[in-house]
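Annotation source TrEMBL lists transmembrane segment at 5-26, 32-55, 75-99, 141-159, 179-197, 218-240, 260-284, 305-327, 339-359.
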Amino acid sequence: MSRYLYYHVLYVGMINIMLFVPSLLIRERFHGAISGMLIAMVIGSFLSLCTMACFEKMPGLGFPELCDRHLPKWLAQSLILFDGIVLWLPAGVIVIYSYSETVRMFFYPDMNRYLNLLLMTGAAIWACSRSTRSVQFIHEVMMLLSAPLLILFILKAVFNEHLNWDAIRYVIGYVNQPPSFTTIAAATFVFSGYLSLTITNRLHPEGFRFRYRWVVPLFGVFFLAITFCVPIGFHGTVGVQDYVFLWSMTADSIITDYGFINRVLFVFLLLFTGLSLLFIMNTWHTTIMLIRYSLHRATAVEEDPVPAINVWLAVAIGGISFAFMRFTSLEQSQIISKMWLILRFGVEFIFLGLLMYFVHKQKKPETASTMLHNSDN
């Protein structure tokens, strides 16, 4: 079961491109981006490993159930709804907007912008309305299909003869510059795949243990370095700031000689079609399950047929995506993404603090029962 968490960590580490994380870091490349990334590596590793350790002690329970057990009802309800509507829902909306606009700009700029969004939203609505276990199975299949393309793309980028390592070393030389709070908040996002345990911890049986947990910080450090350094190596220390779709232009700078694949841009956009839908599916599914728990304490991980409320909530979220596109420009989307990244960073600390409190509360009854048993003997 551990592997499912690592799938989440893997695709979240890559989807940072659609949340404009590389662009935010590139803007600060001479003003603390390097030191901010180093700090983020420590903070992200700490948050992910500690959160995993807490959930490991409470198998079979999602975040909503834990809130319900150990917090006043009004506070638990507020936290669950805040988590679903303010943290999880906007993440999927931002990504589906960013990706649909990216594809439209590069493939068919004259096409109606809402048509491409409709195709993406339709697929996302179907996927996110499935049961939690089905969503996990979809993750596994999609990651196994995407892995070969991902490996191909990374190898072609890192070992490309046109990658200027001198430009990368020059930017790294600014490591002594102090970072901004925004830089640290943005850089820690690549470690945030562990937050999927909010709901998926329900799938873990009693006695469950995470194996190879060191993979989580390793993935985070790797993808943070790749997403920041590779564009600088291709576009230079100054020219890299001129692109809005930074990684799409980077992918278009790479050419392969593998059969019918010539421009890596097509591989890149194909790969991120799957990754974007995975991210949207997970964020919206988590939103649906959090809202359902707040309404009628739904915790089932297997549901056949799919409850109608799942579909209706998914359709409502899809409608929010269309409203977001209608009233938001690309520049405004970048600002909203920046605000969301900062909000998520703060919430992760609160999330860990609550989990540590829940673990402490759960230990107290166990300790009391053990002492009572010993006294009886």
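Note: Cβ is positioned from N, Cα and C throughout, glycine not excepted.
TrEMBL entries are annotated by machine, without manual review.
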Recorded stretch, among 5-26, 32-55, 218-240, 305-327, maximising Cβ pairs under 8 Å relative to the transmembrane segment (339-359): 32-55
Proximity of the transmembrane segment (218-240) to the transmembrane segment (260-284), 3+ C-beta pairs under 8 angstroms: no
Chain residues outside the transmembrane segment (32-55) and at least six past its termini with a C-beta under 8 angstroms from it: 5, 9, 25-26, 171-172, 174-180, 183-184, 187-188, 190-195, 197, 201, 204, 210, 213, 216-217, 220-221, 224-225, 228, 348-349, 351-352, 355-356, 358-359
Close approaches to the transmembrane segment (305-327) from elsewhere in its chain (Cβ under 8 angstroms; 6 or more beyond its ends): 89, 92-94, 96-97, 100, 113-114, 117, 121-122, 124-126, 128-131, 284, 287-288, 291-292, 295, 298, 333
Cβ-Cβ under 8 Å with the transmembrane segment (179-197): same-chain residues at least 6 beyond its ends: 5, 8-13, 16, 19, 21, 24-25, 28, 31-33, 35-37, 39-41, 43-45, 47-48, 51-52, 55, 63, 216-217, 219-220, 223-224, 227, 282, 286, 338, 341-342, 344-345, 348, 351
